[in-house]
Amino acid sequence: MPEPTQLLLFITASLLLIVAPGPDILFLVTQGVTRGRAAGLATALGLAAGNLVHTLAAALGISVVFRTSALAFETLKVVGVAYLLYLAVKALRHRGESLTLAGEALAGPGRVLFRRGLLMNILNPKVALFFLAFLPQFADPAAGPVWLQMLVLGLLFTLLVVGVFGVIGLTAGSLAGWIRRGSGAGTNRWFAWGVAGVFTALALRLALVER
């Protein structure tokens, strides 16, 4: 394990990175505001789980392929862009409907949003490269196997994400009830266009990402 001072430095750096405005927070707030507190929390857990997957990939050396292979990087990026555009189209298909998970069964909406958050991160090769570059900086070869330290640090990072994103998701979700009470078909249509715009912007941002 890293020394306490190194661990404190890691926690501080991680928190600064987590709270910095970015695509994850934009995606999280959009889901919370339009679908409610439970949806915000489910999305937060999905995003955190995606980080955990990339942590495992970085610790086991799998993520190196995205640094060394342009084909692997571009393939994952294209799939991620396609998924985000699919979500944009899906939002527009249900414009004018209720803001509560339109078009999705009420049974298991948390699973749907957890999966969205999970895929949002897994399908972004830049996240893989981030963990591959970030975690080793806080690992000390003299303190034990580097891969194990990376795994522990990644787990800690994921727990921090759960805490911060959980609060953000619940806060954004608390606005959903107020919005629904004052919304009609016209408002719902505008929200649908707004959500579609967010997904499209995230897709364009990912499309412009380079190794």
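Each residue, glycine too, has its Cβ placed from N, Cα and C.
What TrEMBL says about a protein is an automatic prediction, not a curated fact.
TrEMBL annotations:
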{"type": "TRANSMEM", "residues": "6-29", "note": "transmembrane segment"}
{"type": "TRANSMEM", "residues": "41-64", "note": "transmembrane segment"}
{"type": "TRANSMEM", "residues": "118-139", "note": "transmembrane segment"}
{"type": "TRANSMEM", "residues": "151-178", "note": "transmembrane segment"}
{"type": "TRANSMEM", "residues": "190-208", "note": "transmembrane segment"}
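The listed stretches are 6-29, 151-178, 190-208; of these, 6-29 has the most Cβ pairs under 8 Å to the transmembrane segment (118-139).
41-64 is the stretch from 6-29, 41-64, 190-208 with the greatest number of Cβ pairs below 8 Å to the transmembrane segment (151-178). When Cβ-Cβ distances below 8 Å are used as the criterion, the transmembrane segment (41-64) is approached by residues 24, 27-28, 31-32, 109-111, 113-122, 127-132, 135, 147-148, 150-151, 154-155, 157-158, 161-162, 165-166, 168-170, 173 of the same chain, each at least six residues removed from its ends.
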